[in-house]
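Have a look at the structure below, then the notes.
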Amino acid sequence: MTTKLIKHGSKAREQMLEGIDILADAVKVTLGPKGRNVLIEQSFGAPKITKDGVTVAKSIELKDKIRNAGAQLLKSAATKAAEVAGDGTTTATVLARALAREGNKLVAAGYNPMDLKRGMDLAVNAVVEEIKRSSKKINSQEEIAQVGTISSNGDKEIGEKIAKAMEEVGKEGVITVEEAKNFSFDVEVVKGMMFDRGYLSPYFVTNSEKMVAELENPFILLFEKKLSNLQPMLPILEAVVQSQRPLLIIAEDVEGEALATLVVNRLRGGLKVAAVKAPGFGDRRKAMMEDIAILTKGELITEDLGMKLENVNIKNLGTAKRVTISKENTVIVDGNGDKKNIEDRVLQIKSQIAETTSDYDKEKLQERLAKLSGGVAVLKVGGATEVEVKERKDRVEDALAATRAAVEEGVVAGGGVTLLHASQTLTKLKVENKDQQAGIEIVIEALKDPLKQIVKNAGENGGVVVGKLLEHNDKNYGFNAQDMQYVDMIKAGIIDPAKVVRTALQDAASVASLIITTETLIVDEPSDKEEPMPMRGGMGGMGGMGGMDF
């Protein structure tokens, strides 16, 4: 068993805070319209250049175990903000560092950490309510474009393309991002469908950074029943391996030996495969699988038609340009279905909607209709070099997630202004003791830090700007770091999604509370000698039929 290193009290927290400072210093330079780039060495290929806070945070691992524990806690705040709202990662990092550092000073001075936490929680909840009150719903294309522009670090073209994509497929529609084969940045609407079923095993993931399985030009097998044994499928699996194309299996379920065998062959490289459960239940499941079959020009393998798995060949499989599978959703893009057949299916569903008297059935039929006829908007991101394309694609994905958040919960004044003005409402809060009041004071001071950092990155004095803004009663009055002017942020189009600001604060406070209430830290003791790297097994399974193991 590995021996452990145990640290207690302020010494443990101080070392954790050193790790937090290292990560925060690397991330904070990216904040605001004049934030700087960060260059990250890759294990292979050219270095990555990014202005995305969470990408910077994810790249950092520290050698010292205790400092690394602090850095990883801070990283979790940035990652959570990105997962929930798609943006606000750098703001969450700056806030968490400020809250944790000030909180630790007070704990060292003898304040009760639990009361400090209670005071911080009271303050955060009050600010969240103020953010909700201040938020303004967005409807126009111009407002959507403004959010996309700001979330992509001032790239107006990205904002406009996202607004156009939402106009094409609706605000709730499916929008995906892919790399273009040329210099241009285009929006293309293609046949496609998304349903709420994810991969059956994380071992199907092909992109570990985003935890998604991406299948290019795959075959799609649609099977009505459960798959528990792959023996009847051997002929079709061998044919797919020979074609050197991926395979997506959609069935009622894939379980036991069948799932284990698919995973083993996926890991050995013999078969590029992923499996998902079919969407829906009962008769509705069968109807949705038939929709997918028509969309992809495949056949639903069902015993009703006397079809058996052992008799299936390549011609019975559907195809699509691309399939992306996350933990929760599957998106089929540009299925190769016949246009006339899809139109006929749409008309059939419309007639069923007209005939049904059940509101529930009508709702489910309308969902199917939207999936089949709505299409998928594809944002194709181009550039002069591979590094440029990847960096811009990251920003497009972040901006898209932030724009969806803005549509969901509305927008507030950007540039750190909403948090700054919200801090002024906290002076009226009533608490039980001076320690809780100190917790509120920590939050009041920390809420100034994002704006200070934006101003500092623009080359000005953050403290001076904060003082000037607090002299005004107008909650939308702020500092435009791009033009270096004091403006009405909403009128100037400098807006943030309310969900992004709210999530950044809540995640930051959560991490800071953990740090100031930590009294003991246990980590693995560093080893005196480096352990040899284990040899990677399973290489013999690569390629061709030799990779199959059924």
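Cβ atoms are placed via backbone N, Cα and C, with glycine included.
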From D186, D334, D496, the one annotated by Swiss-Prot with T30, L31, G32, P33, K51, D87, G88, T89, T90, T91, G415 for ATP: D496
Entry from the binding-site residues list G32, G88, G415 having the most other CB atoms no farther than 10 A: G88
In the chain carrying T90 (ATP binding site), residues 6 or more apart in sequence that have Cβ under 8 angstroms from it: V27, K28, T30, L31, G35, G53, A78
Greatest inter-residue Cα distance in Å for the ATP-binding set T30, L31, G32, P33, K51, D87, G88, T89, T90, T91, G415, D496: 17
